[in-house]
Every structure is written in C-alpha cells, then in structure tokens.
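> Annotation comment: TrEMBL describes HIS119 as active site. The annotation ATP binding site is assigned in TrEMBL to ASP123, GLY124, ASN125, GLY126, ARG127, VAL128, GLY129, ARG130.
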Amino acid sequence: MELTKENRVIGSHKLNDIIETANSIEVFDFIAKIYNEKLSEKLFKEFHGILLNNSLSIFDCKLAGTYRPMLARLSKVELELSSPETIHFDMELLLQEYNEVKMDTRKIAEFHSKFEKIHPFHDGNGRVGRFIILKQCLDNNVDLIVVHSEYEKEYKDALYIAQTGNGIDALVNIFEKSQRRFEKTIRKC
C-alpha cells in the first residue's frame with residue numbers, strides 16, 4: 001500500500017531507488033558481455049542510459065545516455081568541472097591517455113579522478129564511474145575495487161585531494177583498502 005500511495009518501498013527507499021538498483025544489475029550484465037572491449041564515450045553513454053532507464057524523473061529520462069547540456073557544480077566542494085562545451089574533448093583526451101596503457105590500481109585511480117572531475121553527466125557520474133572501475137578491473141585482471149560505505153567519507157576526501165592536484169596516493173590507498181576488504185568478504189562466502 002505504501003508503494004502505490006507514496007512511491008515508497010518498505011523502509012526509507014523510494015521506487016526510483018528500486019528501478020536504479022535493477023538498472024545497475026543490467027549495467028553489470030552488460031559489462032560482462034563487453035569484456036575486453038575498449039572503453040569509449042559510446043560505452044560510457046550506454047552505461048548511463050541503462051542506469052537511468054525508466055527513471056521516474058522526466059529530467060533523468062530525457063538526458064539518460066547523453067552528456068549534460070548545462071554547467072554543473074558539486075555540493076560541499078569547490079571544484080571546477082568541465083563545461084558542457086568541453087566535455088566531449090576532455091573525454092577524448094582521457095580515453096587517449098589511458099586506453100593504450102596497462103591499468104593497475106594506481107592508473108585506475110588516476111582515470112577515476114579525472115573522469116569524476118569531467119563530470120560528463122547531469123546525474124549518475126559516481127555510479128557510472130564505479131562501473132568503469134569494475135570494467136577496468138575485469139579487463140586488466142586487477143583485484144576488484146568495491147568501495148564500501150564505511151569508506152565513503154575517506155573516499156570522497158581522497159577523490160577531492162586527487163582532483164585538486166594534491167596527489168593520487170590517498171585515493172590509491174582507499175582503493176587498495178577496498179580491494180582487501182572485498183577479498184576478505186569473498187573468502188567468507
């Protein structure tokens with residue numbers, strides 16, 4: 001009853017959370033199908049389009065799978081993001097820099113930091129960025145990087161440090177800590 005009256009699922013989740021969770025499973029399956037396909041702007045847009053498919057937000061549906069047409073700002077941090085006019089160019093440069101390189105945890109952290117600073121989509125950049133990390137790990141035989149919610153603040157702080165040119169080491173440390181935590185979790189299963 002709560003679902004139909006208030007768009008809420010039992011607990012604090014909204015119907016859109018359920019839709020995006022189901023869509024996340026589709027992105028995961030898609031990544032498995034395109035194993036070893038080079039990263040591209042087309043793939044990033046496909047990840048985003050699948051992730052926001054059937055979103056309850058008209059705005060999200062309209063812009064799903066496309067780069068943002070407006071300026072963006074992050075809340076709580078001062079960071080200059082790519083303008084709508086430079087997103088395509090910035091993404092091309094990022095892909096040129098990393099597509100021919102063997103990716104390890106450090107390179108994945110560098111790529112992630114730069115992708116998140118470009119912030120190509122109006123919404124969902126973090127989720128798309130984490131799916132890119134998954135694909136990079138799988139394609140390069142790198143231990144999976146799954147940042148647990150207990151590391152969220154530390155991750156965001158480290159990402160900001162990297163994006164402001166103050167070094168990548170803190171983000172690499174979070175990724176390595178996440179790899180160890182995920183490995184322990186898998187061993188328990």
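Here, residue 1 is simply the first one shown, and the rest follow in order.
Note: Cβ is positioned from N, Cα and C throughout, glycine not excepted.
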> Would you please pick out, from the binding-site residues GLY124, GLY126, GLY129, the one with the fewest other Cβ atoms within 10 Å of its Cβ?
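Per-residue Cβ counts within 10 Å for the binding-site residues GLY124, GLY126, GLY129 bottom out at GLY126.
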> Other residues with Cβ within 8 Å of the Cβ centroid of ASP123, GLY124, ASN125, GLY126, ARG127, VAL128, GLY129, ARG130 at the ATP site?
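Close Cβ neighbours, site residues excluded: HIS48, LEU51, PHE121, PHE131.
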> So for ASP123 (ATP binding site), how many other CB atoms are inside 10 Å of its CB?
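Neighbour count, Cβ to Cβ under the 10 Å cut-off: 18.
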> Taking the Cα atoms as reference points, how far is VAL128 (ATP binding site) from the residue listed as 'active site' in Å?
10
> Express the distance between the Cα positions of ARG127 (ATP binding site) and the residue listed as 'active site' as a whole number of Å.
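So the alpha carbons of ARG127 (ATP binding site) and the residue listed as 'active site' sit roughly 11 Å from each other.
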> State the three-class DSSP label for GLY126 (ATP binding site), counting H, G and I as helix, E and B as strand, and everything else as coil.
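SS state of GLY126 (ATP binding site) = helix.
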> Quiz question: given the recorded positions HIS119, ARG127, VAL128, ARG130, which has the greatest number of C-beta atoms lying within 10 angstroms of its own C-beta?
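Comparing the recorded positions HIS119, ARG127, VAL128, ARG130, the most crowded Cβ belongs to VAL128.
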> If one looks at the chain holding ASN125 (ATP binding site), which residues at least 6 apart in sequence have a CB under 8 angstroms from its CB?
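Listed in sequence order: PHE115, GLU116, HIS119.
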